[in-house]
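*Asks:* As listed in TrEMBL for this protein:
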- 18-27: compositional bias 'Low complexity' (COMPBIAS)
- 1-57: region 'Disordered' (REGION)
- 76-100: transmembrane segment (TRANSMEM)
- 127-147: transmembrane segment (TRANSMEM)
- 154-176: transmembrane segment (TRANSMEM)
- 182-200: transmembrane segment (TRANSMEM)
- 224-250: transmembrane segment (TRANSMEM)
- 256-275: transmembrane segment (TRANSMEM)
- 287-307: transmembrane segment (TRANSMEM)
- 327-348: transmembrane segment (TRANSMEM)
- 427-451: transmembrane segment (TRANSMEM)
- 463-483: transmembrane segment (TRANSMEM)
Amino acid sequence: MSQWNKEQWGAAPPPSQGYPQYPQHPQNAAPYPGPTPNYAEPSYSQPQANVGGGGEYKQSYEGERFKPKKKINDPFFLVFFVLQFLGFVALSAVAIHSWVSDGGLGGGLGKSGASSGSAVTLNQSTVYLLLLVTAAAVLLSALYLILIRAFTRIIMHITLLLSIALNIGICVYYWITKYYSGAIIFTIIALFSILSYWGYKSRIPLASLLLQVVMDVSKHHTSVYVVAFVALIMQAALSVWFVFTCIAIYGKWTPGSSSCSTSSCSSGKVAGLIFYATFSYLWTSQVIANVALATLAGGPYGAWYYFGPKEMGEMPNHPTLSAFGRASTLSLGSIAFGSLIVTLLELLKMILHAVQNSANADGHPIEACLACCAACFVGCIESAVEYFNRYAYIEIALYGKSYLGASKDTWRLFKDRGIDALVNDSLVGMTLTWGAYAVGMLSSLFAYLYLRITDPSYNSGGQYTAPVILFAFLIGLMCSLTLSSAVEAGVSTIFVGLGEDPQVLSIRAPALFGMIAETYPHVVRGVPGV
């Protein structure tokens with residue numbers, strides 16, 4: 001027995017006690033997914049899969065794992081989510097019907113089509129533009145994932161440096177423009193990012209290996225990409241629907257529009273309806289992405305971790321369909337609960353940014369500084385809640401827990417495993433998030449160039465350039481984040497598995513387990529009570 005095993009188990013386990021029967025690899029079978037030539041083999045002496053004893057192992061179906069009770073969790077939030085979505089459907093139907101009746105306010109594809117529409121507000125040519133943006137975002141998102149797998153470490157280094165460069169760039173810009181409230185905040189952020197660079201840099205080998213293992217597992221489970229692309233198509237369709245609805249709201253209720261003769265129009269009504277449509281879009285988009293996350297965690301990734309590869313014959317039939325069934329019915333209320341928290345924080349941040357811009361425009365720097373600080377604080381809370389929720393959704397996917405129950409177990413997992421190890425998960429998330437921002441920026445650049453080239457009649461003074469570019473950025477961002485969530489789901493599922501049954505990873509991916517055990521020995525000790 002290795003020295004690490006003696007420290008881990010205390011003494012050799014009695015021969016009469018055996019590990020619960022996790023599927024083992026046959027003697028002549030290749031490791032699955034197995035370290036590829038690109039994986040760095042650690043010097044660490046890994047525990048053997050066939051040693052006896054071990055109280056840290058758990059049965060694959062222990063604690064209702066993969067077989068939760070047949071009950072609906074968090075029904076109040078399930079009903080609330082359904083009702084708000086039906087409200088969005090009704091609003092969209094009324095607005096789009098009026099918009100279509102007016103011929104979409106004219107407009108078409110290209111320069112000739114753009115000049116033929118209404119000059120009052122957004123018209124049909126905007127729809128063609130954003131449809132093209134959506135198609136470009138889907139293509140760019142898929143291309144970025146291919147590049148990550150081919151150049152994992154290089155892209156991680158680049159995204160880390162880009163994060164620091166962005167913070168410094170924003171800081172310098174704010175000082176130059178004498179926007180002192182934002183400059184002070186981003187000076188602190190820039191200094192912190194520079195100081196943390198060396199700590200992050202040392203984690204890149206482990207984070208890149210973790211990312212490569214997950215992407216290699218996904219190659220053996222086509223359902224991973226089926227779920228990701230179905231979620232992506234749904235997100236793209238929802239984004240297009242949202243854009244149609246917003247354009248129709250502008251067209252129907254903007255003062256001076258042709259439809260104002262049959263209905264009352266005001267800027268306040270437009271703002272209120274756009275706010276509700278944005279709330280519904282953000283919440284529904286969050287739910288779609290998180291249902292996909294739960295499907296992947298409770299399906300291919302969770303089944304791979306606890307049962308081994310499909311070829312061993314221990315994996316349940318159709319784990320992805322089973323996980324989707326649980327996530328979209330029994331656990332939908334719990335997913336909607338967690339998603340609502342993030343949505344409200346995002347809306348609060350948007351309101352604070354609007355207050356900040358208004359204070360700047362009115363020449364009130366103290367109020368602007370306070371609003372900026374508040375928005376930054378809310379943004380930090382939102383990021384922490386999103387990160388925490390990802391692990392809670394995995395608990396929900398594996399065990400069918402309520403949102404609050406999953407949150408309690410997730411917090412215990414974080415405390416016992418240690419937050420330090422989550423830096424590697426953060427590096428993976430940073431890499432994928434930077435790709436999403438790049439896709440969003442390229443999408444908005446495409447929209448800007450299209451507006452410049454076609455010069456639509458409604459945008460003769462450039463008054464709609466900002467909203468159209470923002471819509472394009474959101475579409476690109478959401479499409480890329482949805483596709484990237486397929487990879488993040490695998491990374492986070494492995495971390496949850498490490499917290500509960502760390503020794504299983506020594507069978508599934510020995511090189512990854514060895515590197516984690518060398519760097520974070522406390523992480524590979526199971527979490528009691530989860």
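Cβ from N, Cα, C; glycine included.
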*Asks:* Six or more residues beyond either end and a Cβ under 8 Å away: which residues meet both conditions relative to the transmembrane segment (127-147)?
*Replies:* 104, 107-109, 113, 155, 232, 236, 239-240, 243-244, 247, 435-436, 438-440, 442-443, 446-447, 450-451, 454, 468, 471-472, 475-476, 479-480, 482-484, 487
*Asks:* With pairs restricted to those 6 or more apart in sequence, evaluate whether the transmembrane segment (327-348) and the transmembrane segment (76-100) have 3+ C-beta pairs under 8 Å.
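*Replies:* In contact, yes.
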*Asks:* Which stretch, 154-176, 427-451, 463-483, tops the Cβ pairs under 8 Å count with the transmembrane segment (224-250)?
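*Replies:* Highest pair count goes to 463-483.
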